[in-house]
Amino acid sequence: RARLLAGVRAGVPDAALRGDERPGASLPGTAMLTLPGCDGDALLYLLDARDVAVSTGSACSAGALRPSHVLAAMGVPDDDARGALRVSLGRTSTTEDVDRLVAVLPEVVAAARRARAATRPTAPGAPRPAATAGV
């Protein structure tokens, strides 16, 4: 988990860990991150295409179309919560698995941000920006 968090922070400095970082204060095999400017579904799709398996929340919230009620209760703004990514590590997870996620995450976040910007007008009634290649 420490390797994962250090790598994420180095590659995506504005990523936020949601939860308590003190030793023993959280589950050692999970990390809930929020990635501003991203949609969780886009992150899932882009990471899956790179053979990285993650989720956007707990199993009990699978398929929900709105941001996590837990993140909302923690005071996380809806826009940030939409970019939530849950990473679970188990006994079969390897250092290589963590390194692969850390290596592809900056590229994936950039692509997810481009996709979101292309589909969300900047102001009411404003035209949508043209789609960019590589999304």
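Placement of Cβ uses the backbone N, Cα and C atoms for every residue, glycine included.
Any TrEMBL annotation is an automated prediction that lacks curation.
The region 'Disordered' annotation in TrEMBL falls on one of the ranges 16-35, 76-95, 116-135, namely 116-135. Look at the domain 'Aminotransferase class V' (26-101): DSSP puts its residues at 28 helix, 11 strand, 37 coil.
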